[in-house]
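See structure below.
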Amino acid sequence: ERDCRVSSFRVKENFDKARFAGTWYAMAKKDPEGLFLQDNIVAEFSVDENGHMSATAKGRVRLLNNWDVCADMVGTFTDTEDPAKFKMKYWGVASFLQKGNDDHWIIDTDYETFAVQYSCRLLNLDGTCADSYSFVFARDPSGFSPEVQKIVRQRQEELCLARQYRLIPHNGYCDGKSERNIL
């Protein structure tokens, strides 16, 4: 029987922000409740000279069911006692996008090919998660080797999210576009 209490989930040991920095392509995601980036999602993580991590992300969002825009999101990360667990404050460059302050956990990464991120926004009384989201990131938008896919699938199962992810297309929709020159 798998333990699905969020407090039991393991994260990346000795997580190294500096090695994690750079460009990551979202290959799959498990959605939370509410408006969220849909596809063509690319995140850029950076670490400043004081060791503070921040990120920008771009992706396609569908508004009002039929209006597609490329949205820019910004996030700042506050460290916690565990180097792989952050509080992420995020907001959209445009006011209609979601903003919030979520847990942002790096469940696993090899820094070179893949990363699995997890966030629980709301706990059930039994300690399991009522509203979570998770991204599988790749350094290369063409995806993973079978060996890496196996590790990623295992991590998804450990998060009690097996078969709840959908693949994210990268078809160039947002290349060179941002909401500033679409809206």
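One-based numbering along the chain as shown.
Cβ coordinates come from backbone N, Cα and C, glycine included.
Just so it is clear, the model here is predicted, and its values are computed rather than measured.
Per Swiss-Prot, the cysteine from Cys70, Cys120 that shares a disulfide bond with Cys174 is Cys70. Disulfide pairing as given by Swiss-Prot: among Cys120, Cys160, Cys129 connects to Cys120.
The recorded positions shown are Gln98, Cys120, Arg121, Cys129, Cys174; of these, the one with its CA atom nearest the CA of Cys160 (disulfide bond) is Cys129. With a 10 A radius on its CB, Arg121 (omega-N-methylarginine) counts 16 other CB atoms from all the protein chains. Within 10 Å of its Cβ, the residue among the disulfide-bonded residues Cys4, Cys120, Cys129 with the fewest other Cβ atoms is Cys4.
Ranking the disulfide-bonded residues Cys70, Cys160, Cys174 by the number of CB atoms within 10 A of their own CB puts Cys174 at the top.
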